[in-house]
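Take a look at the structure below.
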Amino acid sequence: MSSTDQETATGGRAALGPVGLVLAGGISVQFGGAIAVSVMPKAGALGIVTLRLAFAALVLLIVCRPRLRGHSRADWGTVVAFGVAMAGMNGLFYQSVARIPMGPAVTLEVLGPLALSVLASRRAVNFIWAGLALCGVFLLGGGGGFSGLDPVGVAYALGAGAMWATYIVFSARTGRRFPQADGLALAMVVAAVLFLPLGLVESGSKLVRPEVLALGAAVAVMSSVLPYTLELLALRRLPASTFAIMMSLEPAIAAVAGFLILGQALALSEALAISLVIAASMGAVRSQVGRRRVAPAAAATVLPEATSALPERERSL
């Protein structure tokens, strides 16, 4: 093998490294979510969200040890808004997957960030991607009426998508105001505190059962701590644009997790619908990257915000 071939092979392996980390993070998130769904009969959807946020907040506080002094009122307002968005995103999504399969739920949720990207860019081509996504939603709903899905679950998933878009905006703002992951840790505490009374009302003493605590901790590690760590490492070597495109695969990963752990099989129309939404999301991100190459200053208003939230992203799971 020539030196050029060796360099090419080495470069390919180096590129696959961060890609593998991102895929591992996505698998961890979605399978953690599937485990959470399986635990819901024991602790309820709100109870699982409470445990997941509480354990994740505890780990982040220990690891990050955020500084509490020296922040302005605007800083705290931003981090509180970030925490509220995080709480809403998680709560609505878990209510959704308690009623509809994971694949369709994640697909509907992805529409929130997709809409944010399309509206922020104002490029004609992105409205084509939005139309493709709407075709996917039409198929997912059995021809537009959502006859095969619980309408309440659909509404929760769409609400989670709206909160995810809000999360992206405030994640970017928090990142500019707080060093490293301090803002994320503090926002996680806000989200956990907001959900604590809801979890106690719904689940009560069930939350302190050893098996529920253990599963809640596992969900927190799989859905927050592990993927955040893997994706943070990946982003050191992987372009943010590539990372965002890979995030578009999560509806497919969620569908696989739902099938393997929960036995949630997809109809052909549902699989096609998920594929359309994935294609639309990838297309929107690629269009944004192309715009950035042509006019980097103008495009920078969208892509950083669309990707800065993704490492932790809570990805609603």
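Any Cβ shown, glycine's included, is placed from N, Cα and C.
Annotation source TrEMBL lists domain 'EamA' at 153-283. Secondary structure of the domain 'EamA' (153-283) per DSSP (helix as H, G, I; strand as E, B; remaining residues coil): 115 helix, 0 strand, 16 coil.
Feature annotation from TrEMBL assigns transmembrane segment to 12-37 (among others).
Positions annotated as transmembrane segment by TrEMBL: 43-64 (among others). Sequence-remote contacts of a segment are chain residues at least 6 beyond its ends whose Cβ falls under 8 Å from one of its Cβ atoms, and for the transmembrane segment (43-64) they are 36, 86-87, 90-91, 94-95, 97-98, 180-182, 184-185, 188-189, 191-192, 195-196, 198-203, 206-207, 209, 212-213, 216-217, 219-221, 223-225.
Annotation source TrEMBL lists transmembrane segment at 76-94 (among others).
Annotation source TrEMBL lists transmembrane segment at 100-120 (among others). Tertiary neighbourhood of the transmembrane segment (100-120): same-chain residues 30, 33-34, 37, 93, 126-127, 129-130, 133, 136-137, 140, 149-150, 153-154, 157-158, 160-165, 168-169, 248, 250-252, 254-255, 257-259, 262, 264, 266, 270, 273-274, 277, 280-281, 284-285, 288, 301-302, 305-306, 316-317, selected by CB-CB distance under 8 Å and a gap of 6+ residues from either end.
Residues or ranges marked as transmembrane segment in TrEMBL: 127-146 (among others).
Residues or ranges marked as transmembrane segment in TrEMBL: 152-170 (among others).
Taken from TrEMBL, the feature transmembrane segment applies to 182-200 (among others). Within its own chain, the transmembrane segment (182-200) has Cβ neighbours under 8 Å at 44, 46-47, 49-51, 53-54, 56-57, 60-61, 63-64, 66-67, 78-80, 82-84, 86-87, 90-91, 171, 174-175, 207, 224, 312, counting only residues six or more beyond its boundaries.
Marked as transmembrane segment by TrEMBL: 212-230 (among others).
Per TrEMBL, transmembrane segment is recorded for 242-261 (among others).
Among the features that TrEMBL reports, transmembrane segment is placed at 267-285 (among others).
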